[in-house]
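Noted in TrEMBL for the protein shown:
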DOMAIN    6-302  domain 'Carbohydrate kinase PfkB'
BINDING   Ile14, Ile15, Asp16, Gly42, Lys43, Gly44, Ala45, Asn46, Glu143, Asp259  substrate binding site
BINDING   Asn185, Thr221, Leu222, Gly223, Lys224, Ile225, Gly226, Gly258, Asp259, Asn285  ATP binding site
BINDING   Asp253, Thr255, Ser291, Arg294, Gly296, Ser300  K(+) binding site
ACT_SITE  Asp259  active site, proton acceptor
Amino acid sequence: MEESLDVLVFGSAIIDFMCYAPRLPNPGETLHGTKFQTGFGGKGANQCVAATRLGSKTALIAKLGCDSFGNNYICHLQAEKINVKHVQLLPDYTTGVAQIAVAHSGENNIIIVVGANKMLGPKDVENASYLFDKAKVLVCQLETPINGTLEALRRFKGISILNAAPAIANAPLELIQLCTILCVNETEAGILVGRHISSINDAFNALAQLIHMGANIVIITLGKIGAVCSSRATVYNCQLVSAPVVPPELTKDTTGAGDAFIGALAHSYAHFPEKDLADHIAYANSVASQSVQRLGTQSSFPYA
């Protein structure tokens, strides 16, 4: 008999190329950096690793290029004790890559070239149907084609979390209606609702708008402030869940904080489904606050 499965992740796997500098460059400007490193990234794999390190039994459905990056990534996922039976190496595609600039303040900007990730689709849901039957929580993102993500959300009957990132303007309403929990940051929420979010009140209004659009539970993360949340059952009861305070001198790199949050949220729901939404978010906030105090993406994720 196969082991039980806590968290199933359907999504991206990307190699990170990270450059650190005193600040982010202005358009057309060249800066001297202070450090360069490579790392394993991609929102799907990041969130899977984050949940695994917290103690969840996990599986990843993803695509990599049949190249040195892809082979190294498979070995890395196996070392993390993630089920990689449905992580496929594609001979005619490169492994996805991300170019990440990180300022000493911890702020960052990112360019991704998805490579093999663009081949993840509905057929991969069908091929891994038994994983969808046994998992407690499904996690999806938008770094892979939307038709595959939609099929994964349709197929899954448990608690599903959609991290709608990178956000898509005029996204199909079915996308946010199918998931149990829609989780986005303030920028992504602004794209989904069509207006800028610059305050907690703006975020509260976006929560209500997303729920009126058909979302079930909505979480909008607000960085060091924490996160706001609401649900269809309590659409006019928006709540702020504050994050632990991390002093500026301890903030090293915010790159992986959002993925640490999602992985922790999935882990919490898989193991403590009876807890309130705010309790799940408080736990995810605490894990994300630990990740910003370390450099890198997956390398910053804490162990239980």
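Glycine too: its Cβ is placed from the backbone N, Cα and C atoms.
Just so you know, TrEMBL annotations are computer predictions that nobody has curated.
Since the structure is predicted, the reported quantities are computational estimates derived from the model, not experimental observations.
Within the same chain, residues at least 6 positions away in sequence whose Cβ sits under 8 Å from that of Gly226 (ATP binding site) are Leu240, Val241, Ser242, Ala243, Ile281, Asn285.
Between the binding-site residues Ile14, Ala45, Leu222, the minimum number of other C-beta atoms within 10 Å of a residue's C-beta occurs at Leu222. Binding of substrate is attributed in the record to Ile14, Ile15, Asp16, Gly42, Lys43, Gly44, Ala45, Asn46, Glu143, Asp259, and the widest Cα separation among these residues amounts to 15 Å.
Among the residues Asn185, Thr221, Leu222, Gly223, Lys224, Ile225, Gly226, Gly258, Asp259, Asn285 said to bind ATP, no two Cα atoms are farther apart than 16 Å.
Taking CA atoms as the reference points, Asp259 (ATP binding site) and Lys43 (substrate binding site) are 6 Å apart. Ser300 (K(+) binding site) sits 13 Å from Asp16 (substrate binding site), taking the CA atoms of both as reference points. Minimal Cβ crowding within 10 Å, among the binding-site residues Lys43, Lys224, Arg294, is found at Arg294. A C-beta separation below 8 Å, combined with a sequence spacing of at least six in one chain, links Asp253 (K(+) binding site) to Val102, Gly106, Asn108, Val292, Arg294, Leu295, Gly296, Ser300. You'll find the Cα of Thr255 (K(+) binding site) roughly 14 Å from the Cα of Leu222 (ATP binding site).
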